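Participant: Sharing the features that Swiss-Prot gives for it:
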{"type": "ACT_SITE", "residues": "165", "note": "active site"}
{"type": "ACT_SITE", "residues": "262", "note": "active site"}
{"type": "ACT_SITE", "residues": "292", "note": "active site"}
């Protein structure tokens, strides 16, 4: 697709999305486009600080949990003494960026709105970790907390997975992994998926959308994939191309959120249509005027706050 044939996205987004796009952080250096991945991770963490300000205060604890790959950092958010369920959160960032700090506000709001314990898992990033290491770390953390639930004062009889972007893929992949391998970590009551990628290699939205404003050009998406996967055969794995998994049975209830001007939107639409066609419990909601990654901007965007509330409400309705 010639770039000039794409939609003029920045002219079409909502007023509040434009405010976010035009928000300058004067102390921020330029994005290190030609820098190392370590420099890009450092920049991403620095840039997200502004957007994480003002999140709800609550009891928070940091723990390292064992996996076969080594210890993985986790952060537990306790919004209240009662513990109706535990929700595991997987951050986005194209598998190569992001951490518990970059998504701290998202997790705090999700805990506040659901009144459930939220556990963020700081899975090892790519390319240092290759598929399926991140999923195996997430599953290992889930199993660990299931076995040690009383020690951490959490309710692991009912759990959920949630994530944005690449984290959404990891959330659903982890739930399917537990189902397929018959691993008991408690009942998976729901999965919350904000603008994820689920295995499409091409689509209308991938052609019409994506640019420097969202880091989701065709070249960007290829780079993330090459960093994450171990080999070409992994592209067809049912835990990477989730459409190659069995989506006709025992899929936990899924809340699927789409951003209107996201090149990955068709992934969400196809996931919803597939699940709905096979009577799997699911809900799809499109957030008008939004770009990919809008969930970060709840400090300025009512729509981002609404999307988090919608996901929390969906999850608690399953309990």
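Placement of Cβ uses the backbone N, Cα and C atoms for every residue, glycine included.
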Participant: What residue among the active-site residues 165, 262, 292 has the most other CB atoms lying within 10 A of its CB?
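Facilitator: Within the set of active-site residues, the most crowded position is 262.
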Participant: Do you know offhand how many angstrom separate residue 165 (active site) and residue 292 (active site) by C-alpha?
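Facilitator: Here the two Cα atoms are 8 Å apart.
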Participant: Rounded to a whole angstrom, what is the C-alpha distance between residue 292 (active site) and residue 262 (active site)?
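Facilitator: So the Cα of residue 262 (active site) lies 5 Å away from that of residue 292 (active site).
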